[in-house]
Ligand code: UDP
Ligand code: MG
């Protein structure tokens, strides 16, 4: 059986299109499927639509509904945790992940002995140029800094074996960055490239600022390079200060000390103070992450879920 995990945040408009499109692809190849929709604290009619779908097809369409918005990463985790299939896929509800690729992905997974078939966008048409620019910069930076490889344009849309999903579920960290997690667990992965699509309806829930914070999180979660940077800059300025000190002392001994230049001292002090604050900020960012991890808070909280999911897990 194939489980389709779909995180949904205010996707009332797109879910019906999504189910129709996936059904149209899966029915001809007679693949048994289950949908796991995760309503990530939507404010629109998403939950009502999911309840409706579940009433119509209780065996195939399941849903979980969070008590508030926990973010896509938490929704993915909850969905994967509740998926019962031997093959599992994660897809966005907005049809930016083309379901037409699923048969080919299933075929590759089985015949090429892979653990995962991922997807990659060939281009970023339809995306604001400034967003593309920053995305590209993000991938350059993170691949410089992190040991976990992240390929530009890779989507979360991927088909995975049960074994790989179990590995992902073992990563119970609170600060989740899925792109890093998928890559960190390893396993044999191949990518299919496709042309970028625009969403069928609704609007993206990502603001520019949101994406910026997301990419900073990605770097902090999967790299210690910023900490290295702080020590490096600290060591460098120590060295600089040492050399300057020797120079000044020698000069004073040889030529006396005509007092002048307090502006330069003030600038240097301000520069050093700023540098220290920057480094403290970097360290603080990591401590903040540790703080959240040590609280061991649940990654998500469910307010409501479709009946069948609990029944199935009781059967096991
Ligand atoms: N999503 C979610 N929780 C959030 C934000 C987004 O579950 O807090 C879901 C959303 O419903 C969609 C997917 O994540 O299925 C991708 O979101 P979106 O299309 O807004 O992002 P984009 O495609 O623009 O990167
Ligand atoms: Mg989208």
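Using the three backbone atoms N, Cα and C, a Cβ is placed for every residue, glycine included.
Automated prediction, rather than curation, is the source of TrEMBL annotations.
Features reported for this protein in TrEMBL:
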type: DOMAIN; residues: 3-168; note: domain 'Glycosyltransferase 2-like'
type: TRANSMEM; residues: 227-253; note: transmembrane segment
type: TRANSMEM; residues: 265-287; note: transmembrane segment
Same-chain residue ranges lying at least 6 outside the transmembrane segment (227-253) that approach it to Cβ under 8 Å: 272, 275, 278-279, 282-283, 286
Across the domain 'Glycosyltransferase 2-like' (3-168), what does the pLDDT come to on average, as a whole number? 88
